[in-house]
């Protein structure tokens, strides 16, 4: 396999590039290859010469030239005899290092990587007993973007389901008052806003990434609720009013809360799109969300508002809500077939008594269900204890999950399944989790290496690691020669340069030490490096992150100035900031919103209840997503930030209606809040869940995380809106004392009695009383 890889050619006009042309070179101008390749070559030579005394030790082995090499990250699934001699190994990892010094070299290297994967897959077909998992620098990017391609047909299915349910949610048996077109146009409003944002991002040179898959669902949760809330407000207006008056009442009733929640979204995602966020994917996601939400607000005001006016005129003219033709009077319909009468069923105002005029929309299934059944059932005295008990169970399981929260740092969590990244990382974690990657330990100042106390400090800092270093080898070299390690400076440098580094088995350490000459020909060691490897368990990534933090803190407080580095630290840093930065931004936005809303809401108690509700929802979502095996990574944290907005979007109108209500009992205002806002919440929830379901079938870990987090957010919020809040608000503050209006003495009643007397007698025949 190694020979096949080194023979790969990249054809360019006039020249064919091989691995030798683009590899990173040693000091002797040969390609750097893994030491395990040299081990295998020596093993092959020993077998061909029938030598049986050749042995491989683990994790450090010795080559024929006397060099000590570390093979802990190159041999996997190792079984050892006594004295660390390798009996067998289940896996070998080979790494090839390419140059990227200019654009041509970079282009050739990229093409070489593509041919490399094809070569390994072709080699696999002819050697089926051996499993091979190729992985290149571009594999993660390709597999990350693959999520978008595999999601296309599922998103189309989701769109069809949401369109169907949105139309059904706005429909009713009354063909005049039904509003199926508004359900479709509401979804079209959200879609137009999302497409506008995508177009602006593309025109401004923004880069697309698979996290954009979450934006349609952010818009679906916010935008559809706003349109359904406007439709719900329309149902509360009087039918004898002019369309302009009804529209004005709708905007006055629903647009204030919709404007505030839109501002909240813009602040939250605006902070995420700011330079405070150092993750490009998260920053672009937040920027796209901000633009989409802003245009959705404009389109709701203009496009959807105009659509509402248009359907209002259709309703006032008694035209069919779908076909827009005039609906005939009931006496005319009697002469038509049954199917015709069914399609054109409508109630006319002259057929409705004055006392029943406000109930013309009760034929809508959801309105009828909430008003006639659910509101009375959820506020029933015998139901409340079971709801409270259920809430305690909810808190218990959420706490159990919350105590097990783990931070996800696995690359496979953000890519599609059945990809090279998944196969490679699975094999790597299975076979190569005993030792951490090789960590570079760089001392970047001139220190007194000859001083015994300094030597002890360096060894103390690297205690607990497998050390592959010139420093320890040099000290062992002196001990073998029975020479004290505490040499004078001149003797130290002479011994190091003229004896130790001239020995063949230690000659390769010359690359790890930088010397400088002073004006008096003295030689000093100005910098050096050593390599460390830590023993890890199965939870390798968590331990590696802790190790990184420990070494960094040590580098800031130690007497010796050093830095530590490994390429995997780049990802660990990005991971740490991908969780920390969104959390920090969400806290900033939450504090800002609480401060901002304190001046806008009519009662501070609304803020208190809203804060408690958001805390309860977020606590439950974090706990249950942990129990559902979702780790705290960049995707889940972005979903949690969205969850704050989604909860406020749905719960704020309910709480506002309840808190501001006067004169009636708490139970009455709970029922009233559910009747006024419950239909819109239920409609948007049903559409949202139906849209999420196809996402569960997408073969991608990113969409799996997205589905589970968004599903839990919607479910827990719905549970609070329709169960927890209606029950708790009936027996917790604020109180709703019935206020009896005192009679004003100035407005006392005046009674006039008039007697009508029969002229022929003194009998009173009638009496009229005027008040």
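Cβ from N, Cα, C; glycine included.
The shown structure was predicted, so the numbers you read here are calculated from the model rather than taken from an experiment.
For reference, TrEMBL has these:
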type	residues	note
DOMAIN	151-310	domain 'SSD'
TRANSMEM	154-174	transmembrane segment
TRANSMEM	180-201	transmembrane segment
TRANSMEM	208-228	transmembrane segment
TRANSMEM	248-269	transmembrane segment
TRANSMEM	382-403	transmembrane segment
TRANSMEM	582-602	transmembrane segment
TRANSMEM	608-628	transmembrane segment
TRANSMEM	676-698	transmembrane segment
TRANSMEM	710-732	transmembrane segment
Criterion met for the transmembrane segment (208-228) and the transmembrane segment (676-698) (at least three Cβ pairs under 8 Å): yes
Stretch-level contact, the transmembrane segment (608-628) and the transmembrane segment (676-698), CB cutoff 8 A, at least 3 pairs: no
Segment proximity, the transmembrane segment (382-403) to the transmembrane segment (710-732), 3 or more C-beta pairs under 8 Å: yes
Proximity verdict for the transmembrane segment (154-174) and the transmembrane segment (382-403), three or more C-beta pairs under 8 Å: no
